[in-house]
Amino acid sequence: MSREQLVVERARRAFQTGMSKPLKFRVHQLKNLHRFIIERRKDIADAVKKDLNKTEHSTELFETLGLEGEIDVAVERLAEWAAPRPVEKSLLTILDEVYIQPEPLGVVLIIGAWNYPWAVTLQPLVAAIAAGNAAVVKPSEVSSHSAKVMEELLPLYLDKELYPVVCGGVSETQELLRQRFDHIFYTGNSTVGKLVMEAAARHLTPVTLELGGKSPCYIDKDVDLRVACRRITWGKFVNCGQTCIAPDYILCEPSIQNRVVEEIRKCITEFYTDDPKTFEDYGRIINQRHFQRVMSLLEGSTVAIGGDSDQSQCYIAPTVLKDVTGGSKVMQEEIFGPLLPIVTVSGVDEAIQFINEREKPLALYVFSPDNKLIRRVIAETSSGALVANDCLVHFTVSALPFGGVGNSGMGRYHSQHGFDQLSHLRACLIKKLNLEDANAMRYPPHTAKKLGWARFFFLKRVNLRQLRRMALLALFSAMASFVVQRFLR
Amino acid sequence: MEMQVVQRARETFLTGKSRPLEFRVQQLKSLQRMITDRQGEIATALKQDINRSQYDTPLLELIGLENEISLAVSKLAQWAAPRPVEKSLLTIRDQVYIQPEPLGVVLIIGAWNYPWALTLQPLVGAIAAGNAAVVKPSELSEYSASLLKALLPRYLDQELYPVVCGGVSETQELLRQRFDHIFYTGNSTVGKLVMEAAARHLTPVTLELGGKSPCYIDKDVDLRVACRRITWGKFVNCGQTCIAPDYILCEPSIQNRVVEGIRQTLLEFYGPDPKSSPDYGRIINQRHFNRVMALLDGYTAALGGQSDSSQRYIAPTVVKDVPPHARLMQEEIFGPLLPIVTVSDIDDAIHFISEREKPLAIYVFSSNKKVIKRMLAETTSGGVTVNDVMMHYTLNSLPFGGVGQSGTGRYHGKHTFDQFSHHRACLVKSLGMEGVNMPRYPPQNHQKARRVRLAMRTPLVDFSKGTYIWAVTASIVALGLLVALTVILILAAGVSCTCW
């Protein structure tokens, strides 16, 4: 038996004892996770610095703050989320208990990514724990320092058998994917996403795939370019462009292209100084392979800003490319690096067409002061999410579901969406054994008259909320009239 | 051919034709008309397919369908509208909402046991959500399939909602095409193949599969009523229902009374000779007939057991004392055989159920709240009905679907609409208030980090219209009550009021 097989079996046995179900246990584990983040802040920051050259503040801002927020929301709302959810009744079920009961699925597999190794691996874990599951956590081996810290330290805070951490590369992941899970949560690219779903299909395991794509960023010519470019620059070059929801490329009219370039140049200098290479808040490409990949995308495009690099450090300067066409190399795949191509379009019509010709992206950004234009873009395109006049921030709005559509993924998480995604929402109908005569209309031998009754009862919709309101109103009026008669005669 | 059909559906979808709410409502109303106008033909097709009685057709298929259509028509505007979500201090001046959107072209693969309900109910949701839909009815219910192929194009848009008939190879060809969602109703084996095919295009799936749905009868329950309800659920459609009570679990002490209760009910429902009852169905085809009869091998029926291969008739059959390893207990029966497995108590029953794959439904008959609570808490299944069978299917506010081997995803009512929609997160900010954003930009330092931390950890507040209106109304009413109370107290205290 392989190591992976043993780990999964142990997790399943632990789940079957029922220990992960009580709300108190889940809250306790979540609070432990919170303690982990706070107590081991330094270990986490050091690991991320070694992996991605991120500063401590950046790590907090982009990885642990969101995580802490998710844990807080889960702890606060768990009782509400896990409680039975009553639903609307029909005339036939008016005396019955009808509700949806969230239940744990069982053993969940969480495959993390390397670009935000903590946020993207542990946020799904928060949802898994909150929903009462066991979870096998497989951090990305590409962010090796973070994976190691997670493997060493997480078992000191969370239950070792319910939430084991399994490290390893491709073959270990494949071995894991051969095991049977009750849900697989994968963050990464579409190619591996397909393999994950195929492996899941063999066990009929539902999946959540948080993938990527080229997230377009349309800049309207009438927008305040100073603010727009600032937000775009921030969104693009954070983590050295290695963000699944980074604005991948810009679409704008040729008349504003030069101004866009100028504004971005100003922001780059403001954020990262004249020499980003020596500035501590500017990150690095994760490894040589991705460095080569990103550098090769420059082929055939005109560099307007940056373009320099240092292979020994996996450093690529914040780079902007002008007059890029749809056929350029840089427009063929998700960049996932600090190259920002600008593709010129004649207006919003062409921009919408350009976007729709391509796969549905994970995020779509529109910068415009015109609400009508924004609404048009929303109506005529599709994407995982849409943010107008800013970048990335929808990730932090926990009430919004975070996920893709089409090639950018399936399923969603964050806050209650994550809880629901990793739960089974079981339909429950509790009837009584009396009133059996009412059932006569459904039993054979059938007659037209019985059918008539069945039609009436099934098709008559009862709006219970309205009935209740009217009953309350009637009661209130009765009380009011009584009071008036009695005391105000 | 399949590729062209899908291509045409996609091209038509891309024109935006299926998006306007009026169009969707018009199509749904047209579908309603088809069901009402053609009820007779549909009943005839079902009689030929599966010997469905003329009353069972509306009862089991059409009324539910009509219900779904009228719900969708009346609620579509509400379902398709933007759904505001809670805001935090950082987003207090922004528009934050979830916008449901059509996915594109969906594939609906129907089943043969309820060929109209199981093929058209998903279609209702697909149309309501603004998609195009390729409908592939099951070839096993061939009369219904060819009737659907003839009728649907006369009522619905032919290019957006084409019907593709055919067998295994046509279905495989369809599955090679790219869809934006695949909705499959059937068995787990094919379910896995559907999901594998979908994986190649990263297409999300809804799989409504099956399994062995256990039915636990507590020894202290009113057996007369329990047996009536179970008998109805089991033998409807000749046992060919995905949520039929597959087998009974009860204590040995009540087994004979259970058999007796079922026997009496069968007499009441189908008379002494079910074969001649117009309300008793037949097995869909010879293959399934042989399959079901083979399950009976080596066991003596306590009730029934007779069959007639020429008619694909199997009598309502009950088998007692079935051991867990029997063939009857290895696969979903999907036929009119009802095994009774004895268990020593509720612990044994829970253990028995939990050892097996998660079923599509679990049924519990008990008047003891504690027993019910335990059963629900210690098992899992797609859905549960307590003290009756199958009825959770009929309430469209409940999500209908499986878990584990019994399926993934859910539908009925609004759930179908949601399943066939993409819930796009929308955040519309303004370009003002840039000062608030300053702490997030590099260069980073302690003060900035602290400010961001504070800003992001604000509580979430529900600013939706509903809550707002409720809050205002409640305040006004409360104020009014306070004023009234004060007036009453003053008057009761005897203060004279010259204005009276």
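Cβ atoms are placed via backbone N, Cα and C, with glycine included.
What TrEMBL says about this one:
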- B:5-423: domain 'Aldehyde dehydrogenase' (DOMAIN)
- B:GLU208: active site (ACT_SITE)
- B:CYS242: active site (ACT_SITE)
- B:468-495: transmembrane segment (TRANSMEM)
Across B:GLU208, B:CYS242, listed as active-site residues, the smallest other-CB tally within 10 A is for B:GLU208
Between B:CYS242 (active site) and B:GLU208 (active site), what is the CA-CA distance rounded to a whole number of Å? 9
State the non-local partners of the transmembrane segment (B:468-495) in its own chain: residues 6+ outside its ends, Cβ under 8 Å from one of its Cβ atoms. none
Collapsed DSSP category at B:GLU208 (active site): strand
The domain 'Aldehyde dehydrogenase' (B:5-423): mean pLDDT? 95
